Amino acid sequence: MEGSKIRTALEEMNENGDGAFKRKESQFRKFIEPGGRFPPEAGRYHLYISLACPWANRCLAVRNLKGLQDIIGLSVTHPTWQRTRPDDPNDEHTGWVFASPDDPPFTSSTGFGSFPPHGCIPDKVNGAKSVRELYEKAGDTFGKYTVPVLWDKKEGTIVNNESAEIVRMFNSAFNDFAKHPELDLYPEPLRKAIDDANAWIYSTINNGVYRCGFAQKQGAYEEAVKELFASLDRCEKILDSQKLIAGDALTEADLRLFMTLIRFDHVYVVYFKCDRQFIHQYPNLARLTRDVYHTPGMAEAVDLYHIKTHYFTSHPKLNYYAIVPVGPPEWWKTPA
Ligand SMILES: N[C@@H](CCC(=O)N[C@@H](CS)C(=O)NCC(=O)O)C(=O)O
């Protein structure tokens, strides 16, 4: 039965029953490269994102920082997950759907709240109503409908749905078209340092907050939270002697860390129970957050309405009434 494989990240648990969240690998992994099946071209590729999703958000950030807005199209989902097959009572999947900014507000999938589609950009390429439709169009057999999606308009398929790889492509494959080809977020001499930092920052911080929030047993949660704060302390220490994670120049390692830090005090502290300490209480991490936020092109990629609305309104199991907390001030808007 097709329906049996359909799932969201919330259901991806370790098979040994320890209650730990275990994220599955992305499945579309082709590259945009000169001379390949998907060569770099202006106007050929389209990026589907949610502004809430930290993985999709890093792709948008690199698109902005490199000045690729006129080269790679963009659609932005509504932040609140909806039933993706509302007409089929047997299909209860909820996920990302598209909306126009002039559509009426959505409620949560359980019927609570009122969440306007501010900042949404509908899908004019495929006319899809949901991200699920895009995957089905691309012949997906995996059953998990995640953003980001990098779409090829020419072949009518998904090129790649792994943000780490999309970030690399945006950084280097479109330099003939980019307004800022000189910006290199993955420079040759720093690659090893960046890869090393990405590895522990991904597992304990970027994905670490999800391991805290999606854990289904106390032990799994406590292990994730311990690793998370050990790594935040480690970052704080690194930043005692340098401005950014791989030195003094901005790299993808900073962008990847930033996407978690900017969500932390507003969402992860309360929603994912990462409540030992706020980011604004770490002087160096707070400075990094402010510095990256004030990099030209970045502020336009950050949307706290989408971020908060998504998390607090999309998982009825975690927040049934879809109440969005007021949260602390947006301290990172003040430059360091
Ligand atoms: N490995 C993927 C992960 C993407 C991902 O998990 N995205 C989440 C949003 S933050 C999603 O779309 N989830 C949909 C679902 O779980 O059904 C990447 O980094 O691109």
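Quick reminder: no glycine exception, Cβ is built from N, Cα and C everywhere.
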Recorded glutathione site member, picked from TRP96, TRP200, that accompanies LYS144, TYR145, THR146, VAL147, GLU162, SER163 in TrEMBL: TRP96
By Cα-Cα distance, the member of recorded positions CYS53, TYR210, TYR268, TYR311 nearest TYR145 (glutathione binding site): CYS53
Binding-site residues (THR146, SER163), the one with most neighbouring Cβ atoms at 10 Å: SER163
Cβ-based isolation winner (fewest other Cβ atoms within 10 Å) among the recorded positions TRP96, TYR145, TYR210, TYR268: TYR210
Under 8 Å by Cβ from LYS144 (glutathione binding site), same chain, sequence gap 6 or more: ILE6, ARG7, THR8, ALA9, LYS24
